[in-house]
Amino acid sequence: MTMPPLLPHLHPDGRWRWVATGAAGGLGLALAQAPVAWWPAAPLGLAVLAGIVLRAPGRSQALAGGIAFGVGAWLPVLGWLYSGIEPDHAAWFAYGAPTLVIAAFAAGPAACSLVAHTLHARPALTACLLLPALWAGTEWLRQLGSFRFPWAPLGHTQVEAPLAGLAPLIGGLGVGLLTVALGGAIALICLGGCRTRKAAALSLLAILAAAELAARIEWTRPAGAPLRAALMQGGYAGSEKFDSDGVVSALQRYAEFTLHSRARVAILPETALPLLEHELPPGYLDVVERRAREQNRDVLLGLFRRTEDDPRRHHNSARIVGASGAQTYDKTILLPFGETIPAAAILRPLFERIARVPMLDAVPGSRLQPAPVLGGIRIGLRLCFEDLFGDAAREASAAAGYLVVLSNDSWDGSDLPMHQHLPAAQMRALEAAKPLLRVANTGWTASIRADGRIDAVVPPHQPAVLETTLQPRIGITPYVRHGDAIPLGLAALAFSASLSALPGARHGRARDARSAA
């Protein structure tokens, strides 16, 4: 069915019109990301991308619109990568590297637009099945490889939206897939004929109804008594954290906090003690541990420790001391160019000329580490970058009574990473249906409920203690049990359904039927 030109500005063949339209849609999508965090902007912006796919007269226009959409969506979100760099003689690399990252992110919508337009399935299937499947595939690919950086995925824009109710079932990746499907349905309502509009409206309502029903399911149940916790936000900027004055101040501030806290659990941020363990003042940890044991408390803190194989290298670690016994967790997923350098033989000389990153060359911990016990309860513990990987956290989340994230979001020159990282913790709480405590150096430090809602938070950029009470929970959600296999399976089904309806596939089935006859 030929769709009437209800949006005439999408009809002309001029490539720049498609570029302008794509850029506008991408900028709209960017408004769904923190700190603005207006979640309706995500499906509305994606409706523009779906409109480009459906109405572009040729591949070049679809590609141009997709590229512009990607740049419009990701340049405002990842622009903070340009801040904090200190170029010396390699300015081209200092500014070229962030540009390449943004270009790689923008390539996702561009590829989705081109492929969806080229396959030329039916409009309804293209907008509501094919485009969401392709989008989910590009987001999943960002989790792979040495350069993996799955920052600000689409699903995280919906942590306080109706679709969040489906996170325990399909995870953040699946929520992102359905967000694209909602955008496709909106595009069909605007661009389609009467029957198409009705079908799209029914699809949109069905998705929202399913989310509402899922949100009413109690995936986990309370277990044991409520737990009192105190979260310490140090408030040290990245520029001062590792200098001598900052180190001395941090050691004093955190020692005072841990020694005087009366909460059952006291938690410090990632790398709160910005030294290797053997460089700490003699007896520092012993005093903290002894006081915690005497008061039947636990203290969780972040530090660096030398690897057993090579004393010149280190782990980014979390240490628990106190009534639950001494335990150590080593970070398993390291931030590229923040804790480790991919392709170091080639990139290290260039990187060291544009940025000064303390404690580089970390070594990832074992994937087989036991889940720590904190406050007498097993926890799912993640350090900073790790909480962007929902599938990797599943095993620890399954046995945990609550989740803990230690972070260090003090990026010199921009607060955007701090704001954009908080929704990741909300999504992990939603996926596991368990409460989560997030403790960050400069912010955001927050207590998050099992439904992903923020229960309490302290202002960023200042020393503060957040005292909160949480209710541990037991149970395993479908997503924790099966992980990204669920959303990837949905994407594969959607993609297959789209391909089966292609003109060539339909003609092929007709020929087979005639041959059989």
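Heads up, residue numbers simply count up from 1 along the chain you see.
Including glycine, each Cβ sits where the backbone N, Cα and C put it.
On the 0 to 100 pLDDT scale, the domain 'CN hydrolase' (232-472) averages 91 in the predicted structure. Taken from TrEMBL, the feature domain 'CN hydrolase' covers 232-472.
Using a Cβ-Cβ cut-off under 8 Å and counting only residues 6 or more beyond its ends in the same chain, the transmembrane segment (37-56) has close neighbours at 3, 7, 10-11, 18, 21-22, 24-31, 62, 65-66, 69, 73, 109, 112-113, 116-117, 123, 126-127, 131, 154, 157-158, 160-161, 179-180, 182-184, 186-188, 190-191, 419, 423. If you look up TrEMBL, you'll see 37-56 (among others) marked as transmembrane segment.
According to TrEMBL, the feature transmembrane segment maps to 63-82 (among others).
Taken from TrEMBL, the feature transmembrane segment applies to 94-116 (among others). Long-range neighbours of the transmembrane segment (94-116) within the same chain, counting only residues 6 or more positions beyond its ends whose Cβ lies under 8 Å from a Cβ of the stretch, are 22, 26, 49, 52-53, 56, 59, 62-63, 65-67, 69-71, 73-75, 78-79, 81-82, 85-87, 126, 130-131, 134-135, 138-139, 142, 149, 354-355.
Per TrEMBL, the feature transmembrane segment maps to 123-141 (among others).
Summarising the annotation, TrEMBL assigns transmembrane segment to 161-192 (among others).
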